[in-house]
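Annotated features, as they stand in Swiss-Prot:
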type	residues	note
COILED	15-73	coiled coil
BINDING	G197, T198, G199, K200, T201, L202, H336	ATP binding site
Amino acid sequence: MGDIARQAPDKDTGEDIYQYLLERITNLENRNLELREQFRQMESEKRYVETQKIRYERELRKLKSEIEQLRSPPLVIGTVTDVIDNSRVIVRSSAGPRFLVRTSQLIDPDLLKPGVRCTLNQQSLAIVDVLPTSYDAQIYGMELVESPEETYENIGGLEPQIEEIREAVELPLTKPQLFEKVGISPPKGVLLYGPPGTGKTLLARAVAHQTNAHFLRVVGSELVQKYIGEGARLVRELFDLAKQRAPSIIFIDEIDAIGAHRNDSTTSGDREVQRTLMQLLAEMDGFDNRGDVKIVAATNRIDILDRALLRPGRFDRMIEIPLPDHQGRLAILKIHTQYMNIGEDVNLSEVSRLTEGKNGADLRAICMEAGMFAIRMERDAVNSEDFMKAIDKLALDFDRHHFHTTFGEMFA
């Protein structure tokens, strides 16, 4: 019995040790898991820090490179006048003299052509880089960046004219294969002519909205410059930019400013306008192919345009924009009143009948004046009386302007 009593505590002690070791192992395993998780987190943070370090080092090198570039001396602008071989070129510096210089091996020899602008090292005058073609700032201002909001739906009474201009301008740019199948060349240019206010410029803006081509617009008077050769240079640069941006459309508004009949005038101003016109004729249908560049021009004085400008090959299609008839005026009135709050007593057909001989600009002014009469009377809607007053007011303003114009002509 004594031996059994002595062995019992040993059994209890063994179980306690077993439980203790089991708990200890469990704690160690949990601790191991925690340490593993911490290790993974630290590895992830380490990779993130290394990535950030690489990024900051890259930015540091970039900033150092920019600082070095800013510290480097400026380069001289020159123009290539002749190419001797792949390593030697004759250039004319901006100061005037010409030099035979070396070219960098990093420059493509095909880019070095006579007339190309380049940068020269100040010390050795070696060609460092080739610059893109430079244009007058006025030329870049002619490029339309944002597409106009006007669409063909905003033009009333000109359905045949819209169809013609779409065939001549849009179709060659969007579906050139149709002309290839038939075996004809698409029209090169379109001339819009007609009385003022009939929608010539509006039609051109709709073309710019409808096509994805680059659109360059210029007023004819902008090409008339003070110094000899400046107008011709603007015309040449305008067409060069259009060729680079091809497919493109050039819209020349009021082309009669430079396209009038050539005569024997001896004034320097008239001779400069004629030089600009001759440059325009050469660009429109000269020795060089114009490429995928379409021309749209507008004028209200087709009778004074030079005959050389009107021949086929320059303007293959001349579209007359006439004064609207009754149905055309009604369509224009519906367009201008679609967002107006008009009363039930307004008869647009009657308004169209009373405005015979008016153009689209006059009809827009009538709608605006009718709205102003309604605002003056503190009404929310425009009634028929407002339209009648607007028609009378527009007619009175026209008669007063005509009287002053005639009076000035009589007693000038």
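Backbone N, Cα and C define each Cβ position, glycine as well.
In sequence order, L192, Y193, G194, D253, A298, T299, N300, I321 are the residues near K200 (ATP binding site), counting only same-chain partners six or more apart with C-beta under 8 A. Just so you know, of the binding-site residues G197, G199, the Cβ with the fewest other Cβ atoms around it within 10 Å is the one at G197.
Within 10 Å of the C-beta of T201 (ATP binding site) we count 18 further C-beta atoms, all protein chains included. The Cβ of L202 (ATP binding site) has 19 other Cβ atoms within 10 Å, all protein chains considered. If you count neighbouring Cβ atoms within 10 Å for each of the binding-site residues T198, H336, the highest count belongs to T198.
When the Cα positions of G197, T198, G199, K200, T201, L202, H336 are compared pair by pair, the longest gap among these ATP-binding residues is 17 Å.
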